[in-house]
Amino acid sequence: LDDDYNGQAKCMLEKVGNWNFDIFLFDRLTNGNSLVTLTFHLFNLHGLIEYFQLDTMKLRRFLVMVQEDYHSHNPYHNAVHAADVTQAMHCYLNEPKLFQSLTPWDILLSLIAAATHDLDHPGVNQPFLIKTNHYLATLYKNTSVL
């Protein structure tokens, strides 16, 4: 974590992987950057940055772009929700029976999938998109619109 974040956020990251992790508090402590901060931390924690020799600046820029593509006005499918799902994915990945069979690729792709799973979500459900002839409904012929 950069020095931009206070000791409370750093302290919370030491407890990541707990089902009781308070993502809303963490988001406040990181000034709305919970998805970037948490995901970067998890990449580091799992050794993915070193294993894949990732450029940390490019990784951070990628994560910022992901976070920005979530709509902050969306009450549920937003970057905080994505951070929460990413933290939950980390909990699943750490289950001993599962973890022993995972490769670095499995972990990398699972964390990216969790962080991006609702990217650009419009904040409404599929029936609404179909009834309003939303461009996504047209594009996907009213099937699996979201």
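Cβ from N, Cα, C; glycine included.
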Site-mate of His117, Asp118 for Zn(2+) 1 in TrEMBL, selected among His71, His73, His81: His81
In the chain carrying His117 (Zn(2+) 1 binding site), residues 6 or more apart in sequence that have Cβ under 8 angstroms from it: Ala82, Val85
Cβ-centroid neighbourhood (8 Å) of the Zn(2+) 1 site, His81, His117, Asp118 excluded: Tyr70, His77, Ala82, Val85, Thr116, Leu119, His121
